[in-house]
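Just below is one structure, and these are the notes that go with it.
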Amino acid sequence: MVSSNQDLLISPSIPYGEIAVPPSKSHSLRAILFASLSKGTSIIENCLFSPDSQAMLTACEKMGAHVRRIGDSLHIQGNPDPHHCHPRYFHMGNSGIALRFLTALSTLSPTPTLITGSHTLKRRPIAPLLSSLKQLGAHIRQKTSSSIPFTIHGPLSPGHVTISGQDSQYASALAITAALAPYPLSFSIENLKERPWFDLTLDWLHSLNISFLRDQDSLTFPGGQSLESFSYSVPGDYSSAAFLASFGLLSSSSKPTILRNLSSQDSQGDKLLFSLLKQLGAHILIGKHHIEMHPSSFSGGEIDMDPFIDALPILAVLCCFAKNPSRLYNALGAKDKESNRIEAIAHELQKMGGSVHPTRDGLYIEPSRLHGAVVDSHNDHRIAMALAVAGVHASSGQTLLCNTQCINKSFPYFVIAAQTLHANVRHYQADFPLRSSFCR
């Protein structure tokens, strides 16, 4: 894991090698939640253990689930009727998924639930989801209309509502709630963004035998359904794979970088990033359970970020090495992640000599020779890992990457993985002068 020693020192290097990709965060969190709401005992193999996973597990235990960890697996005895518990308190840590999903599920209970989280979670929008839940009859008390903390309870009333699609997690949260409601619920999604991630939630519901009708972006759930226990092995995380792949793609090595533990049948949105890179000319071989990256040049261009918006930071780094300028667009949602990713990655890459400029809904990037610099993660795991890739492929100089404990959110063993691929990434030691003057 990224240790309490929170900074990384990165030197230009020539990555290559073979490695297993860590488990998917999105699948792990959904598996934990669905297992906790199922009848019987579910077994989840190869689960990602991270602060977000712990936040979800803690909340699910408060809803009556019993959890045992055995190695890299979880045995979860679910509580299919968790909605008549004593008043509850959910601390969501820094998990946007836990915040949105459990907020909506709390409306199935007449028992008030206090929902809060870390100070950084307060910047994650929740108002559009709360507005739709209120229209269905939810009772909500909050100090401010736009963030945690707040108290929420149901019951909801049968009916139809429109939900904002600006963040796909709003629609996913409502779909999960409607799936388990004792009465019919339907909703329409307005201007759905990040569509692959919503489809991933529906794939889960379908695999668990939940019935619903879908007419484009309108869904109807009949009510009165329940979940049965299941066994599931979490596949690799395409979002994390993007960083490892970038180590290899930009390398000057003659050897490939091979990423294992990936499923070509998976519906994760960031899987589409690899198809995009192939279209731009990158030498990538996509197998059933692995991806092979060969160092190669590739073109930039006009890139619609909506299908893989979480990849904006690493794609910004890659586009610095493209043969021609790039415009990343349709990425407004990137402003409301763990950081304003548009501003954050542009600011930090500019320190490294990158010609990276924010636009209204994305970035304009010109090919640039990057150099080492002192940069900061903005407490965002994807910004941190993207900057690590940039530092490894800088043309000169070391990079001090400050405040990297956030990487634990999705890739606790990122430093070990980078080193396995022969990237010179290590925890900060005292040989870098004047650290306290730069890393706050």
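The backbone N, Cα and C atoms fix where each Cβ goes, and this holds for glycine too.
When the candidates Gln54, Gln166, Gln169 are compared with the phosphoenolpyruvate site entry in Swiss-Prot, which names Lys25, Gly96, Arg124, Arg341, Arg382, Lys409, the shared residue is Gln169. For the binding-site residues Arg30, Arg124, Lys337, Arg341, Arg382, the greatest number of Cβ atoms within 10 Å around a candidate Cβ is found at Arg382. Cβ environment of Ser26 (3-phosphoshikimate binding site): Ile97, Trp197, Leu200, Asp237, Ser239, Gln268 lie under 8 Å away, each six or more residues apart in the same chain.
You'll find the Cα of Asp310 (active site, proton acceptor) roughly 8 Å from the Cα of Arg382 (phosphoenolpyruvate binding site). Here the CA atom of Ser168 (3-phosphoshikimate binding site) lies 11 Å from the CA atom of Gly96 (phosphoenolpyruvate binding site).
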